[in-house]
Amino acid sequence: MADGIFFWGPVTSKEWCEPNYVQSSYIAEFFNTISNIPCIILALIGLVNALRQRFEKRFSVLHISNIILAIGSMTYHATLRQMQQQGDETPMVWEMLLYIYILYSPDWHYRSTMPTFLFLYGALFAIVHSQIRFGIGFKVHYALLCLLCAPRAYKYYIHTEDTLAKRLAKLYVATLLIGAACWLCDRLFCKQIQGWYFNPQGHAVWHVLMGFNSYFANAFLMYCRAQQREWNPKIKHLFGFFPYVKIQKPKTQ
């Protein structure tokens, strides 16, 4: 970087409340970039658990989508380029379509219709989004997809009797609310924050919390699905702290 020329070229995407190219000449928003690493690690832990216990492929795909989303976010914040921003936002929509499928598919009688529709919807969105910048429209669209998940997720919660499984759902809500507060503060009060001696890096904190948020959501859904399949799920804790789902399938499965 020299004379105001950045390594990745001029900024063409939305910027966040972190000075550009301060910590590294090769990474535009350093903390917003590296804060995605916990998301990848947590998704890998979930993926290993899903593969090792032979959960349905949908959960492996879900964990992989979390990894893709984190990598997309890293490239976006590292470059602050429009194409990379779209590479962050499109996987966000794909991930929500996966959640919709996992939440609603047990009660969907026409098995091929729903995944076909969601796949075509995701492909169409990717094509359109590659050509058009939605701005606030993207946020509204993403929020609507999240709201579609809420009723079924709540139904699963109220029909879950296991206290530890319910705790996963509560941790999901807690990390979502705290993370959203960090995201909003970073966005709305950026001018004031830039005048502080210490920048709390609210957007980076949001990334870390969303990594845990996705892990808790995935683990809760894995538990609920295992219950539906009568796989006798239990919530265990790695090192007495980190929760994961352990199942015992019937010998015929």
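Backbone N, Cα and C atoms are what each Cβ position is placed from, and that goes for glycine too.
Per TrEMBL, the feature Ca(2+) binding site maps to W16, E18, N20, E29. The Cβ neighbour count for E29 (Ca(2+) binding site), using a 10 Å radius and every protein chain shown, is 27.
The transmembrane segment annotation in TrEMBL covers 30-48 (among others). Within the same chain, residues 16, 18, 22-24, 59-60, 63-64, 66-67, 69-71, 73-74, 77-78, 201, 203-205, 207-208, 210-212, 214-215, 218-219, 242, 244 sit at least 6 positions outside the transmembrane segment (30-48) and bring their C-beta atoms closer than 8 Å to a C-beta of that stretch.
Outside the transmembrane segment (60-80), and at least 6 residues removed from its termini, the chain residues within Cβ reach (under 8 Å) are 8, 11-13, 15-16, 20, 26-29, 32-34, 36-37, 39-40, 42-44, 46-47, 50-51, 87-88, 90-92, 94-95, 98-99, 102, 207, 211, 214-215, 218, 221. Sequence annotations record features per position, and here TrEMBL assigns transmembrane segment to 60-80 (among others).
Annotation comment: TrEMBL describes H77, H203, H207 as Zn(2+) binding site. Around H203 (Zn(2+) binding site), a 10 Å sphere centred on its CB holds 22 further CB atoms from the protein chains shown.
Residues or ranges marked as transmembrane segment in TrEMBL: 117-134 (among others). Residues 82, 86, 89-90, 93-94, 97, 100-101, 141 of the same chain lie 6 or more positions beyond the ends of the transmembrane segment (117-134) yet place their CB under 8 Å from a CB of it.
Annotated transmembrane segment per TrEMBL: 169-189 (among others), in sequence order.
As annotated by TrEMBL, transmembrane segment applies to 204-224 (among others).
Put simply, H77 is the one of the binding-site residues H77, H203, H207 whose Cα lies nearest to the Cα of E29 (Ca(2+) binding site). Taking the centre of the Cβ atoms of H77, H203, H207 as the Zn(2+) site, the nearby residues of that chain (Cβ within 8 Å, site residues left out) are W16, E18, E29, F31, N32, T33, S35, N36, S73, A204, W206. Counting residues 6+ beyond its ends, the transmembrane segment (169-189) has Cβ neighbours under 8 Å at 16-17, 153, 156-157, 160, 200-203, 205-206, 209-210, 212-213, 216-217, 220 in the same chain.
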